[in-house]
């Protein structure tokens, strides 16, 4: 499944262009602009499955760093600071990774 099966290419482009500069990534505005905030729990789970590159059931820090590349191969990697802030926001149980329930809560935040 491709991410464009769930989200529109136009919304993805708008979301990516809003965070092209280093240190400009904001997960709340990204999820809103990309259209994920308005998707069903099932659709959000499918996006989680795409982001969970190693299929471990979690999005780990290295996968988060490449988060934007899941939306477009030409997108930039997140900076270390952006990655750590994103992980801290999503990792509510403190295990160092984001599970599917944590991701759903993060999207709806």
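For all residues, glycine too, the Cβ spot is worked out from N, Cα and C.
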Between 44-50, 51-57, 79-85, I'd like to know which one Swiss-Prot lists as region 'In silico-predicted IgE-binding epitope'.
79-85
Select from 28-33, 34-39, 70-75, 76-81 the stretch of residues annotated by Swiss-Prot as region 'In silico-predicted IgE-binding epitope'.
76-81
If Swiss-Prot is the reference, give me the range from 19-26, 59-66, 91-98 marked as region 'In silico-predicted IgE-binding epitope'.
59-66
Using C-alpha atoms, which one of the binding-site residues 91, 93, 95, 97, 102 comes nearest to residue 52 (Ca(2+) 1 binding site)?
97
Rounded to a whole angstrom, what is the C-alpha distance between residue 102 (Ca(2+) 2 binding site) and residue 63 (Ca(2+) 1 binding site)?
15
Compared by Cα position, which of the binding-site residues 91, 93, 95, 97 is the closest one to residue 63 (Ca(2+) 1 binding site)?
97
Short question: which residues 6 or more past the ends of the region 'In silico-predicted IgE-binding epitope' (59-66) have a Cβ under 8 Å from it?
48, 51-53, 77-78, 80, 83-84, 86-87, 90, 96-98, 103
